[in-house]
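As structure tokens, the structure follows; a few thoughts come after it.
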Amino acid sequence: MLFCSLLRMFRSLGLFVGLMLVVGVANAVPSTSNFDKLFQPSWAFDHFVHEGDLLKIKLDNYSGAGFGSKSKYMYGKVTIQLKLVEGDSAGTVTAFYMSSEGPNHNEFDFEFLGNTTGEPYSVQTNLYVNGVGNREQRLNLWFDPTKDFHTYSIFWNQRQVVFLVDETPIRVHTNMEHKGIPYPKDQPMGVYSSIWNADDWATQGGRVKTNWSHAPFFATFKNFEINACECPVSVAAMDNSKRCSSSVGKKYWWDEPNLAELNLHQSHQLMWVRARHIFYDYCSDTARFPVTPAECVHHRHN
């Protein structure tokens, strides 16, 4: 996908109420709204606009823009509050994602696909495990994401990866290694966001192009939060995996038993999202996948 090429080019409610209540965890970065503490611009430095507690990144016909975390993490929760491009956003993509590096990288993606004025934004989620992606799902949100800030989060532990919108789970990827299905558990990941032009595919399959007369396009951010296990660059990946996992002598909040799966309320929320808002699921795309992907066969929620 173009997004992955861009990444390589520019890279330099019961359950989750519990997440918010656990504090004071060793090796975890506490929640903060300070962008400069956690992140730094990755490219197009002149396309960043700071307005008090708000950060805007700009797309024009010269460039998009992106930023990344100063550290890499294993397990925990990362969160941003985001207001998407208003008006005619066709052709634009605003991305929020976690990713490791290299050809066998792991990646968890939110991609917000712009649309013509009056048409709904679509959200595409995707996962890469050991360099293999093609796990796209798309949904329409139940609100207008251009009118106000909404919260987007990724929660990751040894049992599941959960994508959340305003604390509502919209997707779960469960660890099924016992069935021979790889799971992302041994590569620290950075946290990234960007805005860029993808009018060859983003809006109505690429039929609607970016209208540059409406540029510049701005995505606006606030309240950046990372509550996760920070991984020193000098430590090997497998050693980071061990140090970020609970053991007899240490306990991490993301390994609490009640975080191993969705609770009943969240399961019902996910069922509602899947029934009312998801309009594309790779698991159901028999044209792309004549043989159903293994994780689709076994997942209760995906």
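Keep in mind that glycine also has a Cβ here, set from the backbone N, Cα and C atoms.
Within 10 Å of the Cβ of Glu107 (active site, nucleophile) there are 21 other Cβ atoms, across all protein chains. Per TrEMBL, the feature active site, nucleophile maps to Glu107.
Taken from TrEMBL, the feature active site, proton donor applies to Glu111.
Residues or ranges marked as domain 'GH16' by TrEMBL: 23-221.
Look at TrEMBL and you will find Asn115 tagged as N-linked glycosylation site. Listed in sequence order, the residues of the same chain lying 6 or more apart from Asn115 (N-linked glycosylation site) and placing their CB within less than 8 Å of its CB are Ser89, Ala90, Tyr121, Ser122, Thr203, Gln204, Val208.
The signal peptide feature in TrEMBL is assigned to 1-28.
Looking at the domain 'GH16' (23-221) alone, the prediction's average pLDDT is 92.
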